[in-house]
Amino acid sequence: MGYTEKRALWPVIKRYFAVFDVSLTLIVFMILAVSTVTMVSAGMGFPGRMEDHVRNILLSFLLMWIAALIPPQTLMRLAVPIYLAGVALLVGVALIGIIKLGARRWINVGVVIQPSEIMKIAMPLMLAWWFQKREGSIQWQEFAVAGLLLIVPVALIIRQPDLGTGTLVMAAGFYVIFLAGLSWKVMAGLAVAGAAFMPVAWHMLHDYQRHRIMTLIDPTTDPLGKGFHIIQSMIAIGSGGITGKGWMKGTQGHLQFIPERTTDFIFAVFSEEFGLIGNSILLLLYLLLIGRGLLIAANAPTLFSRLLAGALSLMFFTYAFVNMGMVSGILPVVGVPLPFMSYGGTAFVTLGLGVGILMSIHRHRKLMQS
Amino acid sequence: MTEFKNTERELHFFRLRLSVVGAFVFICFAILLTRFVWLQVVRYGDYVAQAEDNRISVVPVVPNRGLILDRNGVVLARNFSAYTLEITPSKLAVPLEQVIDELSVLVEIQPKDRKRFKRLQEEAKNFESVPIRTRLTDAEVARFSAQRFRFPGVEIQARLFRQYPLGETAAHVVGYIGRISQRDLQRIENMEDASNYAGTDHIGKEGLEKKYEEILHGKTGYEEVEVTAGGRAVRTLARGGATPGHNLILSLDIELQKIVEQAFGDRRGALVAIDPATGDVLAYVSKPTFDPNLFVEGIDQQSWDELNTSLDKPLLNRPLIGTYPPGSTYKPYMALAALELGKRTPSQAIADPGYFWFGNHKFRDDKVGGHGMVDMYKSIVQSCNTYYYVLGSDLGVDAIHDFMKPFGFGQLTGIDLDNERTGVLPSTAWKRAAYRKPEQQRWYAGETISLGIGQGYNTFTPLQMAHAIANLANNGVVMKPHLVKAIEDPVSKERKPTVAAESYRINLKQENIDVVKKALAGVPVEGTGSRAFANAGYASAGKTGTAQAIGIKKNEKYNASKMAEFHRDHSLYVAYAPADQPRIALAVIVENAGFGAAAAAPIARLAIDYYLLGKRPVDPAAAAAEKTVVVGADAHGHVEGD
């Protein structure tokens, strides 16, 4: 009797787990393995951090699985409500948000959430939906509306102030617009306008944001303050050399010279202990993740799924590039985690959903063929 | 069909864009990889060195400061170990005020602690730790340790503290240490081995603590420790021990010092006692005195104001810096000068009518009607002014100057303390240099007259007066006075004496010395000192003196009674004993106390009683007062001499 049950159970399990795309799962799994190993070293002195990290990973896989189960058509139906809810929450934040560490980013809707995080997924969803709806007749007006849809939430986020998340949402939306075929001329025009706008933007930045940018240009101007983080993480990376100091042997990390060493700066801990070889492997893993995502986009059947898949893949790229760039001292320090490496529940939720949606698009590529 | 074609074209278009994006991703990652190669291969060496610098910190190990002991081994300055709570402002995550407020829940922090912290913080560099509380109790240490994680940048340190167990006694000799200030930093930079002060946060500020700073300090050791970014030591990698500072063994007899200090009571003044044969300073009293313990961890504002604004000037090192006219204590030297220069013989006498006319100015003696026929012996024993008016006039200012100079008058004695004053030993050359206007630069013959009785331009320090009487007692053999008798290695206990050989000999005939000494021995027996030295039980020699007070300026605002008091004459006494084989020579000055016989001589008596006989009065202040002759302030307003 037990025998028959077992036989009956296996196909069910198989069916449910079949939603996982093998190559994506494998890549994410490998990055997570690297993350877990690094977290053991970086998390020394943070009681309970490992347990929380494992919990985050499991949560991420759960959401990945759920997202993978949802067909793209359903996602398309959800795009507008999610987007509108996100914008509404952002407006709510601006009005009655909770202030922590000088920034108004959170809102209490039963639980305290950070609506700007929702926009990371909601933005590409919405814009992909928008272009899908206008498919075949995409004129400059459509791009103008898309620009408006993008700029409103981004402005709200930057005002919080949260330059990091604002930039990420901006990038996610822009990828959709770009992939939808924004003309090169307009892009060049935007670039020129952006350059002209720079001095104005400089004035609109908060002091601490200007400070970060100045610190990037010359970290030694403030070696004990803001520059300290960059200098110390550069020392960590540099002193790792080609082969690294070895697991659990990084002095910079273990002696607490690296700030935020389990979150935004975990790459410095990894790089110190595993060296250039470790870095190359990690870069390759991210390249594979992004590449796989772009391939899914290229083969996706509808404009919506193509744009969505492309934008999500590039979201991973933005995360990874901005994070490693700032930790190694070529980009300003903004609060961007390293995908599937940094400790933090919010990021794992967003990333899990992102990968899940990619899987869903991939799985439904034939079903949706029109 | 067009629909399909359109879709096909769109897909092609999309893939083209995707390829562009892919290339962009690739380029960005290539930039990252280049960056990693730059950091980890090209600049690898630099960063390894910086990581090592980060990791290893050389922590100085501060040596134990040497002790200060009196000649009999009584401890005057010592160290004790206690805990301090220290804040490093640059390492704080939250505002300083908030941290202190939170700390005050665990550890008692009074407003004065906050004030002191603020002042110390202004002087300290930002990355230095500054104590907010010293001498924590064990309970406070335990309470803070349990909460330490909440306070990054706040640490408990076990430190050695300086303590002066005898408090006010000999405070002007011992001095004190205090936290290193900006000015001290310059002093340290000028030292041979400035790095020796890495980790040291106290330095000698006054007295012997300052003068012998480098001997007391010792040699700083080091410890190589692995530290966290927060500066917390994780483990020790290597160490080189510190060499403790050497101990100072003083020539002071602290019992003698105490008796004299008590004998002064509330009165102001100074006493210096010297062993004439060696130059050992046996007692060095400056009254009123102060508690040096107040200064070690930074004095609080109220105590400082009290000390600094007091009219009694407790911080003034009177034996070293206070300058007073010697008054009649100058007469024995004048007599000796007359003998040596052949201007008088011992028996040659003058008739004293009680005054001396010079030009149209009448110089008075204090004895109305005069002393009658006065020879040299009588001139000293009875302290006759007229005899010395005439003598001063006969000798002339420059002869007096040249004779007095080798005795040390108006000269630095070279004692082992900083900032010694020279005072003034007048001469025609001195006056030319000291004044600007031509009419002031000229020396008037009339000015020489009062020099004979130790008034006029003469001003000397009590130390010089004691040194001079010791030189006379020692028959002209000059020994440099010193406070530190030996320097002791605290480990091997080996003592290195600092005693200098004789400085020089004053060229004097022994017979002339004997004449003056005989007269000085007569003073406590049948002269002005007889009352104070009645039934002494030993033969001493001495000379009383009264000096006009010139300290207070007319326009200074003091209350009337205080004003009157500060205008009273100073009471002086110089002495040595036993008269034939002197073992102690001393000079006492009691400010604004009137006749020398009245206030100063009784204090000298108590000092000599103790030093020679071991006699210890139950209450020295009362004993001194008992012998003191009460004199009205108005009785001798303009009188010179005794």
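Each residue's number is its place along the chain shown, starting with 1.
Even glycines carry a Cβ here, placed using N, Cα and C.
Summarising the annotation, TrEMBL assigns transmembrane segment to B:20-38.
Under the heading domain 'Penicillin-binding protein dimerisation', TrEMBL lists B:61-237.
What TrEMBL records for B:269-605 is domain 'Penicillin-binding protein transpeptidase'. Confidence in the domain 'Penicillin-binding protein transpeptidase' (B:269-605), given as mean pLDDT, stands at 89.
Positions annotated as active site, acyl-ester intermediate by TrEMBL: B:Ser328.
According to TrEMBL, the Zn(2+) binding site annotation covers B:Asp352, B:Asp365, B:His371, B:Cys384. DSSP assigns B:Cys384 (Zn(2+) binding site) to coil in the three-state reduction, placing it in neither a helix nor a strand. When other Cβ atoms within 10 Å of the Cβ of B:Cys384 (Zn(2+) binding site) are tallied across all protein chains shown, the result is 28.
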Its Cβ having more other Cβ atoms within 10 Å than any other among the binding-site residues B:Asp352, B:Asp365, the winner is B:Asp365
Helix, strand or coil for B:His371 (Zn(2+) binding site)? Use DSSP. coil
Starting from each candidate's C-beta and looking 10 angstroms out, tell me which of the recorded positions B:Ser328, B:His371 has the most other C-beta atoms. B:Ser328
Distance, B:Ser328 (active site, acyl-ester intermediate) to B:Cys384 (Zn(2+) binding site) (CA atoms, angstrom): 9
Given the Zn(2+) site B:Asp352, B:Asp365, B:His371, B:Cys384, its other Cβ neighbours within 8 Å of the Cβ centroid, in chain order, are B:Gly354, B:Lys367, B:Gly370, B:Gly372, B:Val374, B:Ser379, B:Gln382, B:Asn385, B:Thr386, B:Tyr387
In whole Å, how far is B:Ser328 (active site, acyl-ester intermediate) from B:Asp365 (Zn(2+) binding site) when you measure between their Cα atoms? 12
B:Ser328 (active site, acyl-ester intermediate) to B:His371 (Zn(2+) binding site) - Cα separation in whole Å: 16
